[in-house]
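For reference, the structure is listed below as structure tokens.
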Amino acid sequence: MSIDTYTETLKINQLIEKATSHFQLSSTQLYKKILKNHEGELTELGAINVKTGKYTGRSPKDKFIVTEPSYKDNINWGDINQPMDEETFLKLYNKVLDYLNQKEELYIFSGYAGSDKESRLKLKVINELAWHNLFARNMFIRPESIDEAQNIKPNFTIVSAPHFKANPKLDGTHSETFVIISFKHKVILIGGTEYAGEMKKGIFSVMNYLLPMQDIMSMHCSANVGEKGDVALFFGLSGTGKTTLSADPKRKLIGDDEHGWNKNGVFNIEGGCYAKAIHLSKQKEPQIYNAIKYGTILENTVTNDDGTIDFDDNTYTENTRAAYPIDYIENIVTPSKAAHPNTIIFLTADAFGVIPPISKLTKDQAMYHFLSGFTSKLAGTERGVTEPQPSFSTCFGAPFLPLSPTKYADLLGNLIDIHDVDVYLVNTGWTGGKYGIGRRISLHYTREMVDQAISGKLKNTKYIKDDTFGLNIPVQIDSVPTTILNPINAWNNKDNYKAQAYDLIQRFNNNFKKFGKEVEHIANKGAFNQ
């Protein structure tokens, strides 16, 4: 399917052309509306703080894709991509449009997803809430003028009605909340939730369909570029250090979360950043902290009467967020695109303490680890003992992938081949024992290893293949103790290390079985100890 198809616009145009619909308001104009409507409050730093109500994160069980004949055979149906028939969708869609038509004011934004013009999606966003429209303005790519915005004919339209509550019995939803993607009607329909991240991730899901169908890779990763134009991609789940490691003063940021990779190189899908704000401090994350200023939206942070912000207070949620335009960060590439990657870093926080701090992957190993998407999370048990739990998220972004995972893995494998990309697996987790016994790998050492991988110093260094995982481990890395490079050497009891390692290998193998026979060739060559 080509990106160059358009939203059916008859009813949508009626909403846009209403006398009380506000088109392409500036940040200041939206601030005035937000404050007048009591949607948010001004903070000491100049940002607007809003509350999203009972939904402080995404609602994955309420996300649907419409089963339209031209598209249904391409979708990887299941718990993530839940089907909704077209008749049910259209009934609800028209109810929402009629509901919005009764609203006194609406807010319209026109812009883009995709900073490479050859692969960009033209967007229109229709919002019930002014702060949601500011979120769209911050997160998507902004046109350079009102004239340009007015001439955008949308390939996809977000219709957002957070105060419209669905009736599951009548509307075919699971709850009052719904996020529905229709590839035929080119619409993302959102209702029953004020969590603005549904708009961002809805468009990412759309791009994860449209781009790969044109053999363009879409990726849930951060990306940066060095002074010589060398590009690095960082894949990793929450808590692996993706944001920290890709924010490098020596390199410019391309983007922090969503990217495409086409024949021209890597490009950011977004025009903004949606950063976690819990425990944010100027000392630890100055780039993000300095972006909390006029024009930025804070979600669910706690403010005091004097407008000061307590970033450590999780009263409403651990998932507090800041949404700001990418140009609020100083060290960025403009526009947000660069050449083909030289280096890919897969980040994992292994709380079992057995995966090497860094290893160089073959193409088959890269595809295996991309499909696995492993990290570990710490879950409290009934007796209060904290044990590591393995966590696998296919392609490091399972909730946002409409197509079969193998489509993304095959695209990545081909691109690694074509552009001779070096791929490294970096463990930012534990060494010398599992969580509670071992210690966290020093961030200083991790930075040193990543820096040398990206600079090319590790490309032709000497490697040994470890007996346990079959991974290629560097024999020596400048400024990093050799004792930590091979994890077995950091454990006092080698038998305990092997038992823990083989347990993790079995978990990987069990997880990989879900992909079936179509990935046997990857498992045979890329799995541990192959």
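Heads up, the Cβ atoms here are built off N, Cα and C, so glycines get one too.
Taking all protein chains in view, 23 other C-beta atoms sit within 10 angstroms of the C-beta of Lys201 (substrate binding site). Look at Swiss-Prot and you will find Arg58, Tyr195, Lys201, Arg321 tagged as substrate binding site, backed by sequence analysis.
Swiss-Prot lists Lys201, His220, Asp257 with the feature Mn(2+) binding site. In the three-state DSSP assignment, the secondary structure recorded for Asp257 (Mn(2+) binding site) is coil. Sequence-distant contacts of Asp257 (Mn(2+) binding site), defined by Cβ-Cβ distance under 8 angstroms and a gap of at least six in the same chain, are His220, Cys221, Ser222, Glu270, Cys273, Tyr274.
For the recorded site, His220 (Mn(2+) binding site), the DSSP three-state label reads strand. The ATP binding site annotation in Swiss-Prot covers Lys201, His220, 236-244, Glu285, Arg321, 440-441, Thr446 and is backed by sequence analysis.
When the alpha carbons of Tyr195 (substrate binding site) and Thr244 (ATP binding site) are compared, the span between them is 25 angstrom. DSSP assigns Gly236 (ATP binding site) to a strand in the three-state reduction. Each residue in Gly57, Ala196, Gly197, Glu198, Lys200, Tyr274, Asn319 lies on the same chain as Arg58, Tyr195, Lys201, Arg321 and has a C-beta within 8 Å of the C-beta centroid of that substrate site, without being one of the site residues. On the backbone, the CA of Gly236 (ATP binding site) and the CA of Arg321 (substrate binding site) stand 19 Å apart.
Taking CA atoms as the reference points, Ser238 (ATP binding site) and Lys201 (substrate binding site) are 15 Å apart.
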